[in-house]
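A.B. asks: Swiss-Prot lists ASN37, ASN41 with the feature N-linked glycosylation site, giving sequence analysis as the kind of evidence. Under the heading topological domain 'Extracellular', Swiss-Prot lists 24-75, 130-140, 200-211, citing a curator's inference as support. Residues or ranges marked as topological domain 'Cytoplasmic' by Swiss-Prot: 97-108, 162-178, 233-271. Annotated transmembrane segment per Swiss-Prot: 3-23, 76-96, 109-129, 141-161, 179-199, 212-232, in sequence order.
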Amino acid sequence: MTAWILLPVSLSAFSITGIWTVYAMAVMNHHVCPVENWSYNESCPPDPAEQGGPKTCCTLDDVPLISKCGSYPPESCLFSLIGNMGAFMVALICLLRYGQLLEQSRHSWVNTTALITGCTNAAGLLVVGNFQVDHARSLHYVGAGVAFPAGLLFVCLHCALSYQGATAPLDLAVAYLRSVLAVIAFITLVLSGVFFVHESSQLQHGAALCEWVCVIDILIFYGTFSYEFGAVSSDTLVAALQPTPGRACKSSGSSSTSTHLNCAPESIAMI
């Protein structure tokens with residue numbers, strides 16, 4: 001077991017705790033309304049409630065979407081930090097898992113596509129975290145439009161890879177868990193998108209709740225990689241970064257595969 005096992009768990013714990021902290025700050029600063037509030041008005045008078053308590057009158061501008069919670073300081077600063085740190089950790093997890101599957105001689109287009117979608121998800125998170133929806137709406141929506149579909153595709157691809165590589169009952173149990181998480185992510189993401197395009201306050205609030213469930217669900221999915229990351233080593237990262245031709249080369253005098261580019265002349269002649 002290596003310290004890498006803590007990386008996926010840290011991503012889940014740090015990000016989930018962080019976004020709920022951002023939400024709490026936004027509610028206390030009257031920037032959004034609580035998730036339990038389903039009553040919205042067309043307009044509101046100045047809120048007489050003191051800072052530190054939730055708003056007593058809400059409009060559609062106060063729907064507690066995750067992005068909306070991180071739109072204004074001071075919570076926007078924490079939101080950007082979470083987005084940046086989360087994006088880095090997501091990219092690192094994707095790269096390590098890609099290299100780990102290569103070490104197991106599981107070379108497939110699914111693994112490569114999963115790496116691409118995971119890194120695309122990370123890039124989208126960077127944009128979402130640094131361009132707040134109320135200040136750079138177009139860029140924020142572009143980032144969200146990249147991050148959410150890419151994250152969902154990454155989840156689905158790794159469900160397939162989990163079933164493909166299952167050799168023990170516990171492997172199958174993890175694959176089942178990931179399948180359940182993938183289904184939940186798909187349903188909530190679709191519902192969130194469908195509800196979000198409507199002007200109804202009830203549907204807008206429903207979109208916010210679905211978005212929260214979807215994001216937390218995907219973060220939990222990333223956390224499940226701790227199951228495999230106990231076997232990750234520094235060589236795993238080397239395997240992920242190794243040029244493709246070198247992975248199939250064998251060192252002289254050995255029957256085992258080497259990560260060094262010590263190929264036979266016949267292989268070089270084919271290039």
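For all residues, glycine too, the Cβ spot is worked out from N, Cα and C.
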A.B. asks: Go through the chain and flag residues at least 6 beyond the ends of the topological domain 'Extracellular' (200-211) whose CB is under 8 A from any CB in it; none is fine as an answer.
C.D. replies: 35, 37-38, 40, 60, 63-66, 68, 188-189, 191-194
A.B. asks: Of the listed stretches 3-23, 141-161, 179-199, 212-232, which one has the most C-beta pairs under 8 A with the transmembrane segment (76-96)?
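C.D. replies: Out of the listed stretches, 3-23 contacts the transmembrane segment (76-96) most.
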A.B. asks: Considering only Cβ pairs within less than 8 angstroms, which of the stretches 3-23, 141-161, 179-199 has the most against the transmembrane segment (212-232)?
C.D. replies: 3-23
A.B. asks: May I ask which residues of the same chain, at least 6 positions away in sequence, place their Cβ under 8 angstroms from the Cβ of ASN37 (N-linked glycosylation site)?
C.D. replies: PRO54, CYS58, HIS205
A.B. asks: Near ASN41 (N-linked glycosylation site), which residues of its chain come within a Cβ-Cβ distance under 8 Å, counting only those 6 or more away in sequence?
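C.D. replies: Once residues fewer than 6 apart are set aside, ASN41 (N-linked glycosylation site) is near CYS57, CYS58, THR59.
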A.B. asks: What same-chain residues lie close to the transmembrane segment (141-161): Cβ under 8 Å, and 6 or more beyond its ends?
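C.D. replies: For the transmembrane segment (141-161), the nonlocal Cβ contacts are 67, 94, 97, 101, 106, 110-111, 113-114, 117-118, 120-121, 123-128, 131, 133, 175, 178-179, 181-182, 185-186, 189, 214, 218, 221.
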A.B. asks: State the residues, same chain only, that lie 6 or more residues beyond the ends of the topological domain 'Extracellular' (130-140) and have a CB under 8 A from a CB inside it; answer 'none' if no residue qualifies.
C.D. replies: 65, 67-68, 70-72, 76, 79-80, 83-84
A.B. asks: So, by DSSP, how many helix, strand and coil residues make up the topological domain 'Extracellular' (200-211)?
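C.D. replies: Going by DSSP assignments, the topological domain 'Extracellular' (200-211) contains 11 helix, 0 strand, 1 coil.
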A.B. asks: Sequence-remote contacts (6 or more beyond its ends) of the topological domain 'Cytoplasmic' (162-178), Cβ cut-off under 8 Å?
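C.D. replies: Residues 101, 104, 106, 110, 155, 221, 224, 227.
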A.B. asks: Would you report the average pLDDT that the model assigns to the topological domain 'Cytoplasmic' (233-271)?
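C.D. replies: When the pLDDT values over the topological domain 'Cytoplasmic' (233-271) are averaged, the result is 50.
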